[in-house]
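A.B. asks: As listed in TrEMBL for this protein:
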BINDING   151, 215, 286, 491  Fe cation binding site
């Protein structure tokens, strides 16, 4: 096929790429050592390269020829000769463990630099052209967080907004929203943008020892949206996991009888909206988008009724016949919540406060809390992406992978949130990854551009390829076949040519 001439830049992808080291194996697919890969578009041609992230974790494991650094689903024991008392002592001296820097989930831009990110307090700077691993950044040096999301947001000035959890710090557990500036003052050019990191606001956790797990958050023009879900980390269990010989993943628990609380932070005042909004128990990983309309916040998420998704990816479950063996007990559901921030304070109890035309409701209760029920937009999509120029604004299109009862995507989809129409691309024995939308330079409409996705084939002898689709029609424009073994990955970003520093080719 042919690529549009304007498509110039690099698609960077990140995900787990090595699950066996020497005789040791990781338990979980999300634990594998990070493998970066890139597709560079230049004058109608595509160049591919891949490289393992040379994290401290990678180096220690390779040197020992076995897994010596613990990951979320795999606990590692560095020295089997140590007796239990020495182990216990060394462990109790740091309740919150020293986490891995195997940043395998996403790519983030901060300042003019690019970083591989995971969900711990560490990120790794990388060179987007050579995929070389550069310095390690510890968020904890600049803000008191033990974990942070790998789905930050970017404002119009290029500042990064992200969230992390501060666990039992000075007797409190809280969620911190922080901002990393896009540039530093002229006189401090040698300093990193992290030195100027500022905490925008903090939200106390409803429980000191059971903070909510979250993978992303939402943003509109004036508000930050944080969802505190009843899928929680048990800090006491986590602190003793090493001694008990279990993984940290076993310290996560979902309570289906609990509520899911919505927090809205005013970006100007940095204060939380005092009204308490909630919905039924749900588990979510990905926010899609959010916007404001007539005094309401409208936000779209992909939610589950349980936490079975994480369990699916234990490697023992991902055997050859996993399609027959594993079925999600909860299909991902695209839910739209409509939350009235400005409503009649004298409204009757049990009345629906939503005045927009939507199937979503928000019902006032006796105690002043507001119970929200979503409109179901569609089912069976995950890894959602949008045209990021519409982030925080009213929008139409979601580009996503399509999953049915198995967690591994079989198609990619374009979903119209207004008409509910869906377009698909899929082929037999093809497993696509998260689709990334790239707008065309003279775009007039939201879907003017292309969609990029890496496709892995079932048969290892069939080479994988990068697929380029017209985002409007979802017709194939071209594919670039890569004659190497490629792995399914998680997330990534497209970097336009002008944003990649002009380093020597």
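Even glycines carry a Cβ here, placed using N, Cα and C.
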A.B. asks: Can you list, in sequence order, the residues of the same chain other than 151, 215, 286, 491 whose CB lies within 8 Å of the CB centroid of the Fe cation site?
C.D. replies: 105, 106, 149, 150, 216, 285, 287, 383
A.B. asks: Would you count the other C-beta atoms found within 10 angstroms of the C-beta of residue 491 (Fe cation binding site) for me?
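C.D. replies: Around the Cβ of residue 491 (Fe cation binding site), 22 other Cβ atoms lie within 10 Å.
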A.B. asks: Looking only at Cβ atoms, how many others are within 10 Å of the one on residue 215 (Fe cation binding site)?
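C.D. replies: Here the count is 15.
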A.B. asks: Report, as a single number, how many Cβ atoms besides its own are within 10 Å of the Cβ of residue 286 (Fe cation binding site).
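C.D. replies: A 10 Å sphere around the Cβ of residue 286 (Fe cation binding site) contains 21 other Cβ atoms.
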A.B. asks: Near residue 151 (Fe cation binding site), how many other Cβ atoms are within 10 Å of its Cβ?
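C.D. replies: So the number of other Cβ atoms within 10 Å of residue 151 (Fe cation binding site) is 20.
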